[in-house]
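**Q** Here it is: the structure, laid out below.
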């Protein structure tokens with residue numbers, strides 16, 4: 001088949017109202033769920049099984065035959081069995097010759113075999129057209145209809161026509177086929193279901209590490225130190241007060257870490273004088289997980305908002321407020337309003353609200369359903385320009401709130417700085433370096449480099 005005809009086939013919709021019969025080898029959970037979904041979509045389904053006895057678990061409109069008889073009825077056969085049972089297909093090689101075999105199997109661990117299951121199936125039955133697909137969709141999702149999180153079906157195969165036939169079935173099931181190329185991509189596709197948050201590992205471990213560090217740091221300063229020197233038992237701070245300090249600190253640092261790799265990338269490009277050299281592996285990995293870092297930072301910021309809203313309900317706050325009122329009543333003296341503190345209080349609250357609003361906007365635009373509806377310039381404006389503005393506002397919020405502790409000796413318990421002082425190191429460094437990078441004498445060469453100019457062309461490869 002020539003190239004033009006294959007492209008035409010890929011673009012042409014399946015206008016026929018009549019669905020071709022699909023055979024499914026295997027009557028396990030996934031085979032039954034997939035068969036039921038296909039029947040709902042108008043496909044005649046025949047099961048190939050060792051036992052032709054009708055079971056209540058089999059979809060009522062499906063036919064159950066022996067493997068040979070079932071294979072003869074369909075040109076597309078879905079292999080819903082495990083790899084270790086593929087050997088029974090070898091005696092059926094003649095019947096399966098020229099048929100499209102859809103391998104949907106998965107393994108128990110990454111790279112369990114030297115070759116993918118689909119490639120192994122193609123070796124067993126060289127006369128068949130093997131296509132990999134449906135292995136990233138669960139039986140539960142097919143049965144319950146909750147496919148919102150798993151609509152993509154990765155498909156690969158060496159035969160273009162066979163692959164297109166499978167992709168038509170995927171579309172008919174209201175799923176989204178993603179063509180991954182030849183059968184060589186099968187091992188990568190089979191590894192997908194076994195990967196547990198591959199892009200989230202670094203952000204999750206980093207956020208957990210920061211959370212544990214700052215929680216223990218606050219525990220030492222606010223509970224242990226206070227108990228040793230003042231004999232006050234503030235252990236109940238562990239429930240609300242300390243988390244309400246840790247969450248904004250971690251959120252601010254993670255937000256700064258979203259933009260820090262871009263700073264490093266700009267410095268490296270300025271130093272090298274070219275954009276045609278790869279960044280170090282650590283920087284590449286860091287840049288690839290910026291979205292995840294930002295979303296985790298938003299989660300911590302949201303927790304900070306919730307903790308702050310419930311703070312007035314705390315018994316300690318009610319006791320402290322009541323104590324102040326009683327003290328004024330006993331002394332027959334009303335404390336005048338401190339306008340400086342009022343300005344500081346309203347300022348850091350306003351900065352926090354604006355910063356959180358932009359933070360939420362960044363999180364919303366990072367969602368695929370939203371980012372797919374904006375062009376690259378709009379997306380970059382939100383994620384870069386508004387992102388830096390959010391970082392500035394959140395940093396200013398922390399500065400205004402925690403600034404009073406910078407020069408206060410009482411804030412340095414056991415000579416350790418307050419947690420808010422530590423939280424400002426990374427974001428302030430990012431903002432200062434970014435300010436330097438946008439100075440025209442530095443920004444212009446950087447823009448030229450990113451447009452393809454090279455200081456020393458010998459590095460271009």
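Using N, Cα and C of the backbone, Cβ positions are placed for all residues, glycine too.
These came from TrEMBL, pasted as-is:
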DOMAIN    21-107  domain 'Pyrroline-5-carboxylate reductase catalytic N-terminal'
DOMAIN    249-393  domain 'Ferric oxidoreductase'
TRANSMEM  204-229  transmembrane segment
TRANSMEM  249-271  transmembrane segment
TRANSMEM  292-310  transmembrane segment
TRANSMEM  347-365  transmembrane segment
TRANSMEM  386-407  transmembrane segment
TRANSMEM  419-442  transmembrane segment
**Q** For the domain 'Ferric oxidoreductase' (249-393), what's the mean pLDDT in this predicted model?
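**A** Average per-residue pLDDT within the domain 'Ferric oxidoreductase' (249-393): 88.
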**Q** Under 8 Å between C-beta atoms and at least six residues away from its ends: which parts of the chain pack against the transmembrane segment (386-407)?
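**A** Same-chain residues near the transmembrane segment (386-407) but 6 or more away: 248, 251-252, 255-256, 258-259, 301, 344, 347-348, 351-352, 354-356, 358-359, 361-362, 418, 420-421, 423-424, 427-428, 430-431, 434.
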**Q** Mark yes when the transmembrane segment (347-365) and the transmembrane segment (204-229) have three or more Cβ pairs under 8 Å (sequence separation 6 or more) and no when they do not.
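**A** Contact between the transmembrane segment (347-365) and the transmembrane segment (204-229): absent, because fewer than 3 Cβ pairs are under 8 Å.
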**Q** Sort out the residues at least 6 away from either end of the transmembrane segment (249-271), same chain, that have Cβ-Cβ distances under 8 Å to it, and list them.
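**A** For the transmembrane segment (249-271), the list is 203, 206-207, 210-211, 214, 279, 283, 286-287, 290, 293-294, 296-298, 300-301, 304, 359, 387-388, 390-391, 394-395, 398, 419-420, 422-424, 426-427, 429-430, 433-434, 437, 442, 445-446, 449-450.
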**Q** Count up the helix, strand and coil residues in the domain 'Pyrroline-5-carboxylate reductase catalytic N-terminal' (21-107) according to DSSP, in that order.
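**A** Within the domain 'Pyrroline-5-carboxylate reductase catalytic N-terminal' (21-107) the tally stands at 32 helix, 19 strand, 36 coil.
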